[in-house]
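TrEMBL has this to say about the protein:
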ACT_SITE  B:187  active site, nucleophile
BINDING   B:150, B:176, B:187, B:271, B:393, B:398  substrate binding site
């Protein structure tokens, strides 16, 4: 099968190399660069403990003039104190030298194990080496997407093209993340590039909206990481902006679509996952209530293991909803599992358990919690919890 | 080895029988009775979705005149609508007939699978049958403790005797719970009996204090169940009360000790658990902050699986503390694992990873998070997350 072709937005170059952080010899350093200064904004983890690169990059956005982003995998440069901060800044200085730009115009992310210092000599060489290999092809993008992977098994790329006022605009993103995934940006990183022209304040609000309905709606195990970062670069290479609200809405939709696609790719590649689970919560008074219930259902190990066993053990779903901290009466809740009503306004229905279990075995699970308390809703995505997840996580560092 | 002997407080009788709820033929119905009306108080699950027995029993305590408690295992009588309520009330009516007391003087608990109606004919016969077998021996208590078990592998009993003003007072409790254990009273049930004389209001505050430092400090996987209940019966059979604050404190200590012992027994018997984990959080501004951090660390699947693998992957512990919602700076946190300092005021230390991993392999883990923000602390207990847990929970109903 021929590799899928991806399109980089105009005026961007990317690459990925093996610099030698990972013992495995797999690629571990990526560059995402813009030929001209790009508007850049970011969304970061809400953990109190953050990696050094988060501190550095968070302090540099929003920015009208970012030239590049460095991401290394294999080491998160988190919980590394002053030395970690010095190292993260040094990484950006090395790339800035290549551009002859200010180091504040370079951003940095790191992902991997926590609490170890970066091997700076190999990283410095890696950045210089990668800079020489930058390119605009689909292959160059795939290399960049592969080099940010940790326990991911496939690279995650998503691209969408739209016409704005007769100009073709491209939005392209990559992401990584296989565990420590929780709403509020877990061990995931993502870079989104577009050749549309955007002011920083508009770019900021557009990225926040896109993240809120994509990366903030996924959960593997509810552990918010120290490194999560989504960065958007808009370099305006097409010369086209978003003058009207209608054009802005078109770009927002493209951005939402790319982020949502990447978020779902992360869940489909979650560590040990055998089932992809979509949780729809509707009929709540406000979106926050819907989000809290969706999150708790997605993070209940008892719900996840029932899914692992193709077991329509709906009591676990209803009882998870019950401890989300949202007041409700049982008679205001109905539950559908793969489109079968199994709990209707507070009472169990009779249904064909064996047929439902078979539909769960396809690996695609849809859980719909319908309340009759209002009109707000929320969709979340998660996966099941398997013995393979335990195996992968019981032996990650030693 | 001879079975351990347990002492019932004076004036109490217990037993357990097989009435036929469980397909396995294992014991599934217990009675705990007082020869005279007993002061009775309870603490119940905080889930919005509660089993019918919780609704019934919650409505009957505090009470000065409880005669008995029925507990069935194998079926939680939860999410069962009006029929469930009728069934729970009917159970209490059957036992009340035996006593010739009011049905409001009988309490009821159920534990097991959610969403199935109780098999009432076998339960009614079971209650009448059990009533005839009530006794005061250690064996009768063990039978009662065994008959409330679901996936527990051993019964949980704890007893403590103290002298108050020259009178011997006994506090004896039983508990069950192997999964769906979370603070705020998960799928656990416990009955505590004492022959001390207590007013309902004092009994209530004493039970709450005991539960708050025991059953509310354990977590297997953070799923709060629909059925959790702790009931205390004080029948005053010794004629001895707690007139002074000093005597009251002596009884409180005994009660705390029994509840804490039972709570730890639950964790040691948690589904699939291979490691017993004690998490001590200290140096916070208030107890609530300490509790939030302890809870999040105990419930992180990444912390749990690191423990499973005897892996001193301390970054997972620090990053879990970081998303508990308690603001702090990394330099105000130190971490000890089995008494080895591995993170000191925000920086990693160098330590012997292999020796530490060996100490973890003993199965006893102590995690100490020390902050320098105040003087409040909290201790929690949890277990690891193993493939055996997944196996047990992927196939529970089907």
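For all residues, glycine too, the Cβ spot is worked out from N, Cα and C.
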Sparsest-packed among the binding-site residues, when each Cβ's other Cβ atoms within 10 Å are tallied, from B:150, B:393: B:150
Rank the binding-site residues B:176, B:271 by the number of other Cβ atoms within 10 Å of each Cβ and report the first-ranked residue. B:176
Where does residue B:176 (substrate binding site) sit by DSSP, helix, strand or coil? strand
Chain A neighbours, filtered from binding-site residues B:150, B:176, B:271, B:393, Cβ-Cβ distance under 8 Å: B:393
